[in-house]
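Asks: Pulled the feature table from TrEMBL, pasting it below:
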SIGNAL    1-30  signal peptide
COILED    38-72  coiled coil
DOMAIN    149-190  domain 'CzcB-like alpha-helical hairpin'
DOMAIN    318-378  domain 'Multidrug resistance protein MdtA-like C-terminal permuted SH3'
REGION    378-407  region 'Disordered'
Amino acid sequence: MKTILTYFPMQRFVPVVCLAVLLVGCGSSAEESEPETFEEIQEVLKGRRAELRELTQEVEMLEARLAEINPDFAPNATLVSYETIDTSSFTNFAQVQATVRAAESAMATPEIPGRILQMNFEEGDPIRKGQLVAVLDVEGTETQRAELETAADLARTVYERQEKLWEQNIGSEIQYLQAKNNYERIQQQIKAIDIQANKRNVYAPLTGTVEQVLLRTGENAAPGSPILSIISTNDLQVVADAPESLLSRVKLRDNVRVRVPASGVEFQAPVTRIGRTVDPANRTFEVELDVPRQYIDVLKANLLAQVEVLDYRADEQIVVSQDYIQQDNDGRRFVFTANEADGETVARKTYIETGESFNNRAVVTSGLQTGDRIITNGSRGLADGQPIDLSRSPQETAAPEKLTTNG
């Protein structure tokens, strides 16, 4: 019987072995029950990884034996891209939820009770300070004034007669004073009625936009109860509820980054006000900043926003993308670096420790130093000591691979 050996480069052979493992696993799954609980799945995954490691080691041994038998056989070097490690500054930002608000708002409220006869605005209408908002029914007031006018005529007649009698030394002084006082009292009541009648008109206290109409024509309004709300559209603010842990980080006039997802707007603005108290319910304090003029017409009040506050900064740090960091089965983090060995370039598994991280970037506290070449694209599936080809320059690097767990 004739035996035929087919030689595969390592990077081609390992996927074939992995596929075989998967096929074997699929075949056995038909006979064994599928894992359901978290612990069962973890146990199966642990076993599969152990099998894969054993097969990978066996492949490496077979390739080494083949290389001894046939010196022309050697795994092809894997093409990878790299970056040279250098120090840079690292910043970490805390994201805080915020709301876009009108800088000014006011309520149009009547001073007297009455039924609304006329409402002149709808929601969304522009409005100017001093414009007539609504007219109230003061029919009862007019009736009361007519009655007072009649009483005033009688009081005036009595007063004038008592005055003439008093001038002629007829009648008592008390009668004269009572008549005079009664007439003047009714006159004051008429003036008060007139002032109240003038309050039938409700005027806008602010220039802006009608945000909400609270009462409609025919409904009864009460003194001090709003019938319409107005917001100023000339100025907008972003108000964030920052956790108390950031109290020492936020300073007046500090520039912060703001994102408004619904409008796709991003900008930087200085902090204009910091709340003087911490809300005991949620342990937050208010941070306010003004929206730049160029975004006033784009943003709307009550939109949700995100404020990024500088939480941490360090200079001269080794910072790498988290897409290049992998984990072994023990949870230890590592990256692959390019090193020279026996006249060729090989990949070395370099264990690292990380510190602060933000926006998919992490500070490496140990394991790397400036000048190291970290493998970026092509690092997935590499083995420690595997030959690599660095012919591809860092500028040609495509989008980095996604972070996965490497056994």
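Backbone N, Cα and C define each Cβ position, glycine as well.
Note that TrEMBL annotation is computational and uncurated.
Help me picture these features in the structure, burial and contacts included.
Replies: If you average pLDDT over the coiled coil (38-72) in this model, you get 75.
Residue counts for the domain 'CzcB-like alpha-helical hairpin' (149-190) under DSSP (helix as H, G, I; strand as E, B; rest coil) come to 37 helix, 0 strand, 5 coil.
Here the domain 'Multidrug resistance protein MdtA-like C-terminal permuted SH3' (318-378) has, by DSSP, the following mix of helix, strand and coil residues: 3 helix, 38 strand, 20 coil.
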Asks: With Cβ-Cβ distances below 8 Å as the criterion, list the same-chain residues six or more beyond the ends of the domain 'CzcB-like alpha-helical hairpin' (149-190) that contact it, or say none.
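Replies: For the domain 'CzcB-like alpha-helical hairpin' (149-190), there are no sequence-distant neighbours (Cβ-Cβ under 8 Å, at least 6 residues beyond its ends): none.
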